[in-house]
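K.L.:
Input: one structure, supplied below.
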């Protein structure tokens, strides 16, 4: 795991953009994408760039169960607003949170991941060191699966909803083994609220109680942190 410390999120996002641009130059065809506040400035850099994704595939980490793609709180809507409307891909995949058979949807998503191996996976990290919606205790061997969100994750995401009761209680997420299958992983973390999780990920034991700790065993992980998020490493 290579760590790059930057002054702030803006600088970190520019560094991440240059790395993504380089990987595309070297032939990357499939990007794994994340949502949330962490990658927003990276997506802004991409929108304002010369990059063309019309011959590339994107695969998102996760989606809430019960929200349509047109729901403003869905990750499908987030991606459309923040990236896809400006920079369309040849194909873009997100889990279908309205699938009638959620088990079949997870199997279908695994088939997509097998068909389009991810060259570069963009990640953030949760305060409890979750990646995707893989909460503490998730098996390192997990593939795409249905997740019951923890109270802490629901609370953290409630700021995006009118009231906490509106936050979905389940999501479909790529599993930890799914994430680890990416050829390269670029994880960004900014702000002091992420410092404990970053320290546990980098310096802690490799244990399923710290989902992101599995990244210690990946051959090519780049960690971009600002001074506050990287205070413990």
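Just so it is clear, glycine is given a Cβ too, placed from its N, Cα and C backbone atoms.
These came from Swiss-Prot, pasted as-is:
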type	residues	note
ACT_SITE	62	active site, proton acceptor
ACT_SITE	128	active site, for ring-opening step
ACT_SITE	130	active site, proton acceptor
ACT_SITE	135	active site, for ring-opening step
K.L.:
At the Cα level, what's the spacing in Å between residue 135 (active site, for ring-opening step) and residue 128 (active site, for ring-opening step), rounded?
P.N.:
8
K.L.:
Round to a whole number and give the Cα-to-Cα distance in Å for the pair residue 128 (active site, for ring-opening step) and residue 62 (active site, proton acceptor).
P.N.:
17
K.L.:
Fewest other Cβ atoms within 10 Å: which of the active-site residues 62, 128, 135 wins that one? Let me know.
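P.N.:
128, out of the active-site residues 62, 128, 135, has the fewest neighbouring Cβ atoms within 10 Å.
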K.L.:
If I restrict to non-local contacts, at least six residues apart, and a C-beta distance under 8 angstroms, what lies near residue 130 (active site, proton acceptor) in its own chain?
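P.N.:
Non-local contacts for residue 130 (active site, proton acceptor): 136, 138, 153, 211, 212.
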